[in-house]
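Okay, structure first, notes after.
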Amino acid sequence: MYKVALFDLDGTLINSEHKNREAWARLFRRHGVPYDDSVLRSFTGRPAKEAMADHVASFAGHSVDELCAEVAAYAALPDMPAAVTVDGAMELLHQLQQMRVPLGVVTSGPRDYAESALTTLGALQLLDVLITADDVSRGKPDPEGYSTACSALNVEPSQAIVFEDAPAGILAAKRAGIFCVGLTTTHDAEALAEADVLLKDLTEVRWPHIGPS
């Protein structure tokens, strides 16, 4: 039986991918840089600066920091799509807390964003650990975030389970040696093929019977 449950944030507990993708799309349009859906998907589940570094050469005369600040400004505009709670998220968190299962979130977002989003969700006070982009030197798909969470909760990776919606996050969990449940909330099943189990969303979780016994 798993001793701790670790969750990604965006796309796993809250669905802000429409908002995030529109912010990145506005950046590309504003600078006249061609893009398609695969480009926008490449930002999902990764720290903004690391993902932007893959494309900064197309934005002549601009730094990664400048471009990420511009994206953040777009994301804060009132006309952007609103973030919504993923189905089953709060119900599962409350269930696990009542069962005394330690909970953690490992996100590619900065701490101020994560704490604000989790407070709005009503989940921040339920967590035993929160690992953000500010707490690691390498973001997903590097396993550092999930390994750090396991260390903070004093468990071995084999004693944890991760819930993720993005390929980068699934790779991070697997590289950390953790059983990973992929949620098809933002990507299709083919994109999440590295996950150990695939579910539609968190309403399909039947704790603790997930994966091998």
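Quick reminder: no glycine exception, Cβ is built from N, Cα and C everywhere.
Within LYS49, LYS140, the residue that Swiss-Prot lists together with ASP8, LEU9, ASP10, THR107, SER108 for binding substrate is LYS140. ASP10 (active site, proton donor) carries a strand DSSP state (E or B). Excluding the listed site residues ASP8, LEU9, ASP10, THR107, SER108, LYS140, the same chain places GLY11, THR12, GLY45, VAL105, VAL106, GLY109, ALA166, GLY169 with Cβ atoms within 8 Å of the centre of the substrate site Cβ atoms. The Cα of THR107 (substrate binding site) lies closest to that of ASP8, out of the recorded positions ASP8, ASP10, ASP165. Ranking the recorded positions ASP8, ASP10, ASP165 by how many other Cβ atoms lie within 10 angstroms of each Cβ puts ASP10 at the bottom. A straight line from the CA of LYS140 (substrate binding site) to the CA of ASP165 (divalent metal cation binding site) spans 12 Å. Cα of ASP10 (active site, proton donor) to Cα of SER108 (substrate binding site): a distance of 9 Å.
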